[in-house]
Amino acid sequence: MEENNHKNNHQSCKTRLLPKRIILVRHGESEGNLDTSAYSTTPDYKISLTEEGRAQACLAGSHLRDLVSSHGHCPDWRVYFYVSPYERTRSTLREIGKSFSKKRVIGVREECRIREQDFGNFQVEERMKIIKETRERFGRFFYRFPEGESAADVFDRVSSFLESLWRDIDLNRLHSDSSQDLNLIIISHGLASRVFLMKWFKWTVEQFERLNNLGNCEIRVMELGHGGEYSLAINHSDEELLEWGLSPEMIKDQKWRIDGNKADWNDHCTWYLRSFFDNESDSEDDVERS
């Protein structure tokens, strides 16, 4: 009897139920977005939304509900939320949550690893202006703010979050009913969202540096394609992707992911390999050096 139960449990772990969509949402307009001097007197994590930010979040909730329900054509769907612990992200979640009935929300988790980049406690406005100018010269990804973080530091903790997320997905901790479409909604910050996409899609530092930030309550929808890969190109146009800073090669990759199989990725994305090497020989023989 115990052996049969073990086999059944082992089999259920093998049947991984992938989310239909993974949706990244930046928080609504905050007091700091409106007036950067707010950071000099209020800790970053306590910066609240403006009235406009709450209205943006409420509108985003309606948009998200329409999206995950396929405008009412999909009757059986659920959402699971991850949220940064900052006041502005939690307030954004509260407003978004007004668009979802209790039965549609199967869970919510506060996740510290998707918090805002740490800029170093209270931020003196004039000093931060000089620091950010220095960051532009040094490079946005590797520049570390004094007493704070670099984007590379954020990348490390977001990578850790992704590993935990995949364990939850692998073990079906988030979802157990295959008849329901599961949508993961991650309410975070601009840089954390860009770093999430960078890690997921294996974008290089150079590609990251070209990305533009998300607007307040702007979303990025990664939807599961037919071959088991997630793609931004299912819900977003070429024009949008270009506007966000994706190169033509990156857009081509997103389109391939709609039907592509992960095992064929290296064969498809030859441009990715070329970005690391000066040239590649078509011969199977080793190149001899003179």
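Positions of Cβ are set from backbone N, Cα and C atoms, glycine also.
So that you can see what the record holds, here are the features copied from TrEMBL:
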ACT_SITE  His27  active site, tele-phosphohistidine intermediate
ACT_SITE  Glu116  active site, proton donor/acceptor
BINDING   Arg26, His27, Gly28, Glu29, Ser30, Glu31, Gly32, Asn33, Arg88  substrate binding site
- Residues with Cβ closer than 8 Å to the Cβ of Arg88 (substrate binding site), same chain and 6+ apart in sequence? His27, Gly28, Ser30, Gly32, Ile47, Ser48, Leu49, Gly53
- Do me a favour and check the Cα-Cα span between Arg26 (substrate binding site) and the residue listed as 'active site, proton donor/acceptor'; whole Å is fine. 10
- Of all C-alpha pairs drawn from the substrate-binding set Arg26, His27, Gly28, Glu29, Ser30, Glu31, Gly32, Asn33, Arg88, the farthest apart lie at a distance in Å of 15
- State which of the following recorded positions has the fewest other Cβ atoms within 10 Å around its Cβ: Arg26, His27, Gly28, Ser30, Gly32. Gly32
- Once the chains shown are all counted, how many other Cβ atoms turn up within 10 Å of the Cβ of the residue listed as 'active site, proton donor/acceptor'? 22
- Query: Using the Cβ centroid of Arg26, His27, Gly28, Glu29, Ser30, Glu31, Gly32, Asn33, Arg88 as the reference point for the substrate site, which residues of the same chain not in that list have Cβ within 8 Å?
  - Reply: Leu34, Ile47, Leu49, Thr50, Gly53, Thr92, Asn216
